[in-house]
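Q: What TrEMBL shows for this protein is this:
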| type | residues | note |
| --- | --- | --- |
| TRANSMEM | 7-24 | transmembrane segment |
| DOMAIN | 58-241 | domain 'ABC transmembrane type-1' |
| TRANSMEM | 62-83 | transmembrane segment |
| TRANSMEM | 95-119 | transmembrane segment |
| TRANSMEM | 125-144 | transmembrane segment |
| TRANSMEM | 165-189 | transmembrane segment |
| TRANSMEM | 223-241 | transmembrane segment |
Amino acid sequence: MGKLKLYFSACLVVFVLCLLQLQFDYSKLWSGLFKLGNTISLMLPPDASQWQYVLSAAIESVQVAIIGTVLAIVCSFFLSFLAASNITPHPALSWAIRGICSLLRSIPTLIWVLIFIVAVGLGPLPGVLAIMIGAIGSLIKVFAQSIEEVDEGVIEALRATGSSWLGIVIQGVLPCALTALLAWCVMRFEGDLAESTILGTVGAGGIGYELSHAMRGYRYDQALFVGIVIFVMVFSVELVANRLKLKMAKRL
């Protein structure tokens, strides 16, 4: 209990120091609330006159998320077996792959998309590449963890029969870890779809571009309609993803 109080006090001190260091102007906060109310009034009612462009952009965002996630899953699937400590051919290989993944995860997807925009230009391609790179860093980590949770007895039994490394993976590890891997794939796509809408605001195509374009043009009523479409799109995918995850959880 004493340690808990100490940790809480330390966190409180850090929080207060952050507030003092940043020197917030709270008068701007209150004036901003009134401006926010005025902006919300300009959003109503939502303008759906450009629905065909918004729908096309929404479909593009879904396509970017699908392609980026699938490419990441394919790469991560193979590399995760090399990264898992219980079946890696060599510990150094596992450490190297995990180190690269840590580097990929440390760079936000938004930074990746800016890098790829410089390399390949504007459009959906940098969005696909950014989502793929960001997802690889995360998926290899969680895939490897799922593989490491496989019962060691299964692996040892196959080794005792003289099975090759590939045989151990196919006959022992994969059947045990497949459901968990699929659950991670569904969860990752759910997050990548949300990210694809954000990437469009910096030039990676999709519905994020439509939102950014409407806001820059002070067409707040159109921006609200785009926001509604984004909500419906992401919420629908979350519903389907949750159903799939529940079914997979029952199989575990």
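Glycine is treated like the rest: Cβ placed from N, Cα and C.
Unlike curated records, TrEMBL annotations are generated automatically.
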Q: Under 8 angstroms, Cβ to Cβ: which one of 7-24, 62-83, 125-144, 223-241 has the largest number of such pairs with the transmembrane segment (95-119)?
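A: Out of the listed stretches, 125-144 contacts the transmembrane segment (95-119) most.
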Q: Considering only Cβ pairs under 8 Å, which range in 7-24, 62-83, 165-189, 223-241 makes the most contacts with the transmembrane segment (125-144)?
A: 62-83
Q: For the transmembrane segment (165-189), give me same-chain residues lying six or more residues beyond its boundaries with a C-beta closer than 8 angstroms to one of its C-beta atoms, as numbers and ranges.
A: 65-66, 69, 72-73, 77, 81, 84, 87, 89, 135, 138-139, 142-143, 146-147, 149-151, 154-155, 157-159, 237, 241, 244-245, 248-249, 251-252
